[in-house]
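Here TrEMBL flags Asp12, Asp14, Asp211, Tyr223, Asp225, Thr228 as Mg(2+) binding site. Sequence annotations record features per position, and here TrEMBL assigns active site, nucleophile to Asp12. Residues or ranges marked as active site, proton donor/acceptor in TrEMBL: Asp14. According to TrEMBL, the feature alpha-D-mannose 1-phosphate binding site maps to Arg21, Arg125, Arg136, Arg143, Ser181, Asp183.
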Amino acid sequence: MTSQKKVLYLFDVDGTLTKPRQKITEEFRRFILDEVKSKVDVGLVSGSDYMKISEQMGGEDVVSNFNYVFSENGLVHHKNGKKLSSESIVNHLGEQKLQEVINFAMGYMSNIKLPVKRGNFIEFRSSMLNICPVGRSCNQIERDQFSEYDSKHKVRHQFVEALQSKFKDSGLKFALGGQISIDVFPIGWDKTYCLNHIASENFAEIHFFGDKTDPGGNDHEIYNDSRTVGHRVSSPSDTEMQVKKCLNVE
């Protein structure tokens, strides 16, 4: 890699830079924003909203140091701390279709038996719905408990299949989001959407690092996109190791 090349390292957040819904370690944050950013541009792309990303990165003053932040799969676009654009799922789908999805999801979840259920089962974001069978109000122990239960019983996979069957002609995509939820968004509004914002930036390479790269995961499309060099990671420590290898640093 030469210094003349314009290169972007684009990171998923949950499971890639942080443990799910936890904060990035100070050491890893310094490594990304000091050492990595001194060599390449750095960006974030997540299904979460901007405030959640900010919390996980250590505050808005920290997240603004990333060259790009693509929240809600890139439907909300920040560059160097400044918001440049956003899209609305309500304007795209209409209220009637949105409520059909919400009502079906609420009915489906009412019949699921889980080790625990808490609150905030459907979170409305500007560009997507986030559906969470256990409820986003769960604490970390309950989150981990559901994740383990879900791995064994495929609760979210079955839920996605039911949504796909019910809304097969709706133009909607249903993808596993993070550790405990399902993201619902219009087809084409996956993480590859963020690449539209940087098409004119003339990057020689765009490296994407993410953990949910299998089919059905919300990193799958951008990991496999011809415009990116995809890196499948298993944890923040694995991300650091792979970045160091790519940049040839110790």
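From the backbone N, Cα and C atoms, a Cβ is placed for every residue, glycine too.
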*To the nearest whole angstrom, what is the C-alpha distance linking Arg136 (alpha-D-mannose 1-phosphate binding site) and Asp14 (Mg(2+) binding site)?*
15
*Counting other Cβ atoms within 10 Å of each Cβ, which of the binding-site residues Ser181, Thr228 scores lowest?*
Thr228
*Calculate the distance in Å between the alpha carbons (Cα) of Tyr223 (Mg(2+) binding site) and Asp183 (alpha-D-mannose 1-phosphate binding site), and round it to a whole number.*
17
*With every protein chain in view, how many other Cβ atoms are within 10 Å of the Cβ of Arg21 (alpha-D-mannose 1-phosphate binding site)?*
19
*Within 10 Å of the Cβ of Arg125 (alpha-D-mannose 1-phosphate binding site), how many other Cβ atoms can be counted across all chains shown?*
22
*Asp183 (alpha-D-mannose 1-phosphate binding site) and Thr228 (Mg(2+) binding site), distance between Cα atoms, whole Å*: 22
